[in-house]
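Below: the structure, in structure tokens.
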Amino acid sequence: MTVLEIDLLDETKNLLDEDKQLVENILQFAAEYLKIEQGTELSLTFTTNEGIREINREYRDKDQATDVISFALEEMGDGETEIDWGEFDLETPRMLGDIIISTEKAEEQAKDYGHTKARELGFLAVHGLLHLLGYDHMEPDEEKIMFGLQKEVLDAYGLER
């Protein structure tokens, strides 16, 4: 069963089809595992270190490459008013937001951690999804919850280190 509608873009043009399929499969599994409603949408972009560095600089004021960045559409910004969508009879699907992964950083980290690139891509995809769902790891208690759930999902899927 397909829970998520994933708009996937490979800006690198270097990612293997099986890596893309693995990431999509893990995200679908995670969506079912986390009981995300059917038809929920997200975008997933694979980019280079330079591509993610530009995004990181523009949106986070950090002039460096990172492994994954998530932009949650349901997250409230400063001064924004929350809209109760429940009062509208809309047939539009829920859009979680965007996950951007640097494939170069994923390769670097896979080597550093001694596991496969596929495992690292799966880890980063689930990490990004959890951010879209509102999880964070800025505080120790938040980190424990998020990383615990991340491990639980990856273990349930069977993605080995």
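Keep in mind that glycine also has a Cβ here, set from the backbone N, Cα and C atoms.
For His127, His131, His137, the entry in Swiss-Prot reads Zn(2+) binding site. Note: His131 (Zn(2+) binding site) has non-local neighbours Ser70, Ala72, Ile99, i.e. same-chain residues 6+ apart with C-beta under 8 A of its own C-beta.
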Ranked by the number of other Cβ atoms within 10 Å of their own Cβ, which of the binding-site residues His127, His137 ranks first? His127
